[in-house]
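Over in TrEMBL, the protein carries these features:
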| type | residues | note |
| --- | --- | --- |
| TRANSMEM | 7-25 | transmembrane segment |
| TRANSMEM | 45-67 | transmembrane segment |
| TRANSMEM | 79-105 | transmembrane segment |
| TRANSMEM | 125-144 | transmembrane segment |
| TRANSMEM | 156-175 | transmembrane segment |
| TRANSMEM | 187-210 | transmembrane segment |
Amino acid sequence: MRRTCTCIYHFLAWSWYLFLNYYISQQGGDQRKSQIFLNGGQWKYLTFLNLLLQTIFYGVACVEDVLKRIKGERDLKFVTAFGDLLFTTLAFPISTFVFLSFWILFLYDRELVYPKALDDIFPEWLNHAMHTSILPFSLVEVILRPHSYPLKKKGLTLLAVASLAYISRVLWIYSETGTWVYPLFARLSPVGLTAFFSLSYIFIASIYLLGEKLNHWKWDTRMLTSRCRSLPQEEKHNPQDRSGTGRS
């Protein structure tokens with residue numbers, strides 16, 4: 001039953017993110033929206049990169065679900081390992097980071113990340129689809145199935161590479177166009193930017209570690225409980241185990 005629910009969830013989540021990416025891609029004809037996507041396009045924003053990332057992850061999850069029903073658990077090590085690596089090191093940390101950083105800055109001063117003028121361009125539901133619902137989707141994924149985390153050094157290194165790649169793109173866009181991706185960056189000095197980017201990585205690395213803890217708390221505890229429940233039956237079928245060592 002749980003496997004069926006997981007399959008349905010993965011398909012619905014994949015369909016939702018596909019719809020969002022398609023809907024946003026069709027907005028290029030609106031001149032006001034085209035102005036927002038100047039100097040780097042929509043992919044200069046971490047929000048849109050995250051939507052693409054979630055689409056890829058849930059697409060991989062759907063492929064894995066289908067293959068499991070066709071082939072069983074065999075010959076799926078690569079697909080499963082790739083999906084786990086994608087979710088643990090990128091999909092969960094980035095979606096949670098986008099949610100938390102956006103709403104913290106929005107509540108502090110929305111002009112830093114999402115100026116009020118955007119309310120007349122993007123519908124409210126789309127704002128919440130891009131910045132709010134992404135966290136519940138990731139948390140449901142944590143609850144529905146266990147994920148194998150890589151070694152901390154490997155996981156944090158992959159996350160650092162992704163972070164550096166995005167920061168490099170932000171700096172390159174500024175060097176080429178003279179405009180910052182987010183208004184917040186224009187208010188910071190070079191030292192302030194360095195501090196902001198460093199703290200952002202510490203923040204997203206902490207989210208990565210939190211995801212690992214949540215995964216272990218949810219699934220290690222469950223497996224231990226299941227094991228404890230099975231012990232009385234094992235002892236019933238193996239009474240010698242309760243009597244200690246065998247005869248000498």
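Just so you know, the numbers here start at 1 and follow the chain as drawn.
The backbone N, Cα and C atoms fix where each Cβ goes, glycine too.
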Beyond the flanks of the transmembrane segment (7-25) by 6 or more, those residues with Cβ under 8 Å of it: 42, 48, 51-52, 54-55, 58-59, 61-62, 65, 69, 126, 129-130, 137, 140-141, 144
Selection from 45-67, 125-144, 187-210, the stretch that has most Cβ pairs under 8 A to the transmembrane segment (156-175): 187-210
Positions whose Cβ lies under 8 angstroms from the transmembrane segment (125-144), at least six residues beyond its ends: 2, 5-6, 9, 13, 16, 20, 23-24, 47-48, 50-51, 54, 87, 91-92, 95-96, 98-99, 102-103, 106, 114, 118, 211, 214-215, 218
